[in-house]
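Reading through the C-alpha cells given below for one structure.
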Amino acid sequence: MAGLEKGNHTRITEFLLVGFETLPELQITLFVVFFIIYLATVAGNLLLVLTVWTDHHLHTPMYFFLSNLSFLETGYVSTIIPRLLASLATGDKTISLLGCFLQLFVFSFLGATECFLLTGMSYDRYLAICDPLHYASNMSPRFSFLLAFASWALGFVAPSFTVIMASLLPFCGPSEINHFFCDLTALLKLPCTNTSLIETTALISAFTISMVPFVLTITSYVYVILTILRIPSTTGRKKAFSTCSAHLIVVSMFYGALIIMYVVPSGNQSLDFNKVFSLLYTVVTPMFNPIVYSLRNQEVKDALRRAIGKMWPSTKM
Ligand SMILES: *[C@@H]1O[C@H](CO)[C@@H](O)[C@H](O)[C@H]1NC(C)=O
C-alpha cells in the first residue's frame with residue numbers, strides 16, 4: 001500500500017484548511033466573533049502606533065519599541081484572521097501550496113521577530129532602570145532603531161531554513177490540514193515521506209528561536225526587579241515599577257502561551273488541542289497588548305487624552 005502511494009507521485013496543487021468543524025449555524029457566530037476581534041486588534045494597535053507617532057512626549061526608545069511591537073502585531077493577525085474569515089464566510093477552505101507556505105513563512109517570521117523585539121524592549125528597561133545615569137547615551141535613538149532593525153532581520157532569517165525545507169517535501173497524499181492556518185505541526189502530518197528529520201530540525205529551530213530570547217528577557221527583568229526592590233522610597237519604587245509592569249504582563253502572556261503550546265501537548269499530541277490553544281497566541285494576545293499598554297501606562301493615557309482633545313475639543317475625558 002505504502003509502495004503504491006510512493007510510486008504515484010502526483011503532487012497535489014492545493015490544501016484544504018479544515019478550520020473549525022462545527023455546525024453550519026456556528027460558522028456565522030464564529031465569523032462575527034473573529035471579525036470583531038480582528039477589527040478591535042487592528043484598531044487598538046494602529047491607534048497606539050499613531051499616538052506614539054504624533055505625540056512628541058512619546059518620542060523615546062521605549063515608545064518606539066512599543067509602537068514597533070504594535071505594528072508587528074497588526075501584521076501578525078492580518079496573516080491569519082482575514083484568511084479564516086474568508087473561509088468562514090464563503091465555505092471555501094482551499095489554499096494553494098504557495099499561499100500556504102507564504103502564510104507559514106510570514107507567520108513564523110513575525111513570531112520570531114516578536115521574540116527578538118521583546119528581548120530588545122527588556123534590554124531597554126534594563127538600561128533605563130539599572131543604569132539610569134548612562135541611559136541616554138547607551139540607548140540612543142540610533143541604537144534603538146538598530147536593535148529593532150536587527151530583530152526584524154533576524155526574525156526573517158531564523159525560520160526560513162525550516163520553511164524552505166518543508167516546502168520541498170513531496171505532497172501527494174491527503175490534503176487536509178487540520179488547522180485554521182498553515183501551522184507547521186499540522187502541515188507535517190501530510191507529506192508522503194518520512195518527516196522525522198524536518199520535525200527534529202523544526203523543533204530545534206523553534207526551541208532556539210524562543211528560548212534564547214526568553215532567557216535573555218527573563219535575565220533583564222530579574223535585574224530590573226532586584227534594582228526596583230532596592231529603591232528606598234515607596235514613590236520611587238512605584239514610579240520605576242509603573243514603567244515596566246506592562247512589559248512584564250505582555251512578556252508573560254506571550255511566553256505563557258508559547259510554553260502551554262510546547263510543554264502541555266508533549267504528553268497529549270492532539271491536533272485539536274493544538275488548534276484551540278493556538279487561538280491564544282494568534283488571536284488573544286495581539287488583542288490584549290495595546291489594552292495592557294494603554295491601561296497600565298499613564299503617559300500613553302495622557303497622550304490619548306491629548307489626541308482626543310485635539311480632535312474633538314469639546315470632549316472631556
Ligand atoms: C519598526 O522597526 C523597523 C526596523 O527598525 C522599521 O523599519 C519600521 O518602520 C518600524 N515601524 C514602526 C511603526 O515603528
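From the backbone N, Cα and C atoms, a Cβ is placed for every residue, glycine too.
Taken from TrEMBL, the feature domain 'G-protein coupled receptors family 1 profile' covers 44-293.
If you look up TrEMBL, you'll see 28-50 (among others) marked as transmembrane segment. For the transmembrane segment (28-50), same-chain residues at least 6 beyond its ends with a Cβ under 8 Å from one of its own Cβ atoms are 20, 22, 66-67, 70-71, 73-74, 77-78, 81-82, 84-85, 88-89, 283, 286-287, 289-291, 293-294, 300, 304, 307.
Per TrEMBL, the feature transmembrane segment maps to 62-81 (among others). Within its own chain, the transmembrane segment (62-81) has Cβ neighbours under 8 Å at 34, 37-38, 41-42, 44-46, 48-49, 52-53, 103, 106-107, 110-111, 113-114, 117-118, 120-121, 124-125, 128, 141, 144-145, 147-148, 180-181, 243, 250, 282-283, 286-287, 289-290, 293, 299, counting only residues six or more beyond its boundaries.
Annotation source TrEMBL lists transmembrane segment at 101-123 (among others).
Listed by sequence, the residues of this chain that lie at least six past the ends of the transmembrane segment (143-169) yet keep a Cβ under 8 A from its Cβ atoms are 61, 64-65, 68, 97, 101, 104-105, 108-117, 119-120, 123-124, 184, 187-188, 191, 193, 195, 198, 201-202, 205-206, 209. Among the features that TrEMBL reports, transmembrane segment is placed at 143-169 (among others).
Residues or ranges marked as transmembrane segment by TrEMBL: 203-229 (among others). Sequence-distant contacts of the transmembrane segment (203-229) (same chain, six or more residues past either end, CB-CB distance under 8 Å): 112, 115-116, 118-119, 122-123, 125-126, 129-130, 158-159, 161-162, 237, 240-241, 244, 247-248, 251, 255, 258, 262.
Annotation source TrEMBL lists transmembrane segment at 241-264 (among others).
Sequence annotations record features per position, and here TrEMBL assigns transmembrane segment to 276-295 (among others).
Sequence-distant contacts of the transmembrane segment (101-123), counting only residues of its own chain at least 6 positions beyond either end whose CB sits under 8 Å from a CB of the stretch, comprise 62, 65-66, 68-69, 72-73, 75-76, 79-80, 83, 95, 144, 147-148, 150-152, 154-156, 158-160, 162-163, 166-167, 181-184, 187, 209-210, 213-214, 216-217, 220-221, 224, 247, 250-251, 254, 281.
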